[in-house]
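Student: Sharing a structure, written as structure tokens. Questions coming.
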Amino acid sequence: MLSTLQPPRCSLSRFTLHLPSKPSFFHSKQTPLSTPHSTLTDQLPTSNSSQPLQSQILSIRHSLLSRQITATQLADSYLNRLRALEPHLKSFLHVSETVRSDAREIDDKILRNEELGPLAGVLVAVKDNICTAGMPSTAGSRILDGYRPPFDATAVKRIKELGGIVIGKTNLDEFGMGSSTEASAFQVTANPWDLSRVPGGSSGGSASAVSARQCVVSLGSDTGGSVRQPASFCGVVGLKPTYGRVSRFGLMAYASSLDVIGCLSTTVADAGILLHSISGHDTLDATSSKREVSDFTSQFSAVDSFESKPLRGLRIGLIRETLDKGVDGQVNSAIRAAASHLEELGCSINEVSLPSFSLGLPAYYILASSESSSNLARYDGVRYGNQAIADELTGLYENSRATGFGSEVKMRILMGTYALSAGYYDAYYKRAQQVRTIIQKSFRAALDEYDILISPTAPSAAYKIGEKVDDPLAMYAGDIMTVNVNLAGLPALVLPCGFVQDGSSNLPVGLQMIGAAFDEGKLLKVGHIFEQTLADCRFVPPLLADDIVG
């Protein structure tokens, strides 16, 4: 049985920052996992005290260039941790066979004094609904079992071009349809904070892998909160960019007007670096924006350079409807404490009402299910997907889809087909689109008055595996805090802000910050200052060593 060490409570105190002496790759001395000591602690880079911010990516780069560690040693350290934890977590569906050879190529470049990309040596996990050339990309579905795309998604391609190494493909709810990763056709992922609980979904594998330090950063997809809710459950940073900021080419479509590729990391700085790496216009995606991508890292500064009120003048609206009945009391308290901390940093905090907020959940599920019924029609065993044996064409279609899709996907296809049917289109789909317009106007008006809106990320902390699997409405209700952001196409940042107590477990809680379209830079700046001014608060899961930092 794994160790159940309890993390300390957060103390929201200004300008107290404990910088790590080493990045967070150490072997736990208090858990029976069999990670070899010699391959971890003896080979890891030390933090550069002159660096202006907490960043594993920058720390790795500094250590490679200063020859403190080789990319191969770093890769071995992560692979050893991944293999040791994987039987317990099940974060990954596939581990790349080329990690060490990719790392050796970086070492060879260093020996030849060649220029390194900004992501050189960084181990990146990729959600399994994002295509990776030559590696399985199943979307967590039996209908794509064994599929290996001949191309990389644009986001993956850009990561590789900048020196990043794809360490593997992470588990997810089938085609991104779910909030717990229990709807995967292959396995159920566990939460590193409590192995009896879900990591969230649908990007649960990506969040779990980052939280357990099985990778440096990861990519997920966010259709209605699938990056942000797992980030909250697993105590990591989750960033959903503005719709169009990142190319969707190579992302397997669930709901095309809502899907975005997002970032998960242990620090805000790393989320910003990763977002900058994958952003920008792509001719292969007609919905990608042509807006110039600013350098998000310019928003970050060292804690000792902060003014007494570093966020003076910032106007923040706390969404009143997100703290109503139905939100766990401890979550409510953690969010209000985070708001008080932002106020201490110089922000003006006021409650703001978004009367249309509660309408987002039903509108989202009508629109997302309708789009999924259209997008998944291609998986018929002829055009795409594994083919079942049948005597005639109709039977081939029926058998391929019946055996290839899981129950959650089938249910959403049926819901969407019903909403789009001739007799019900106006009553459901058209009305949901009208509600979407109302929500967009509501957010636009609120963000004209406030710089940032804040809310909980989910009504509760991580719940038990199996607790809601037979109650889909209860599981859907967990998305109420996040779906409106997708309907409005806005960016949102989630970062851990505290803990709640549930039995013997201390579970992380995430604060959601929502910004205006294409204003990720402001979210990252505020999140970075908030993160760096947390005192005595370590978001490190109890199954890892107590000497891991960050």
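Note that Cβ sites are derived from N, Cα and C of the backbone, with glycine treated the same way.
According to TrEMBL, the protein has these features:
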REGION    27-52  region 'Disordered'
COMPBIAS  27-46  compositional bias 'Polar residues'
DOMAIN    76-524  domain 'Amidase'
ACT_SITE  Lys127  active site, charge relay system
ACT_SITE  Ser202  active site, charge relay system
ACT_SITE  Ser226  active site, acyl-ester intermediate
Student: Just how many other Cβ atoms lie inside 10 Å of the Cβ on Ser226 (active site, acyl-ester intermediate)?
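Tutor: For Ser226 (active site, acyl-ester intermediate), the count of other Cβ atoms within 10 Å is 36.
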Student: Within 10 Å of the Cβ of Ser202 (active site, charge relay system), how many other Cβ atoms are there?
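Tutor: Counting Cβ neighbours of Ser202 (active site, charge relay system) within 10 Å gives 35.
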Student: Could you state the CA-to-CA distance between Ser202 (active site, charge relay system) and Ser226 (active site, acyl-ester intermediate) to the nearest Å?
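Tutor: Cα to Cα, Ser202 (active site, charge relay system) and Ser226 (active site, acyl-ester intermediate) are separated by 5 Å.
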Student: Can you check which residues sit near Lys127 (active site, charge relay system), meaning Cβ under 8 Å from its Cβ, same chain, 6 or more apart in sequence, and list them in order?
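Tutor: Non-local contacts for Lys127 (active site, charge relay system): Lys169, Thr170, Leu172, Ser203, Gly205, Ser206, Ser218, Leu219, Gly220, Ser221.
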Student: What average pLDDT is reported by the model for the domain 'Amidase' (76-524)?
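Tutor: So the average pLDDT across the domain 'Amidase' (76-524) works out to 96.
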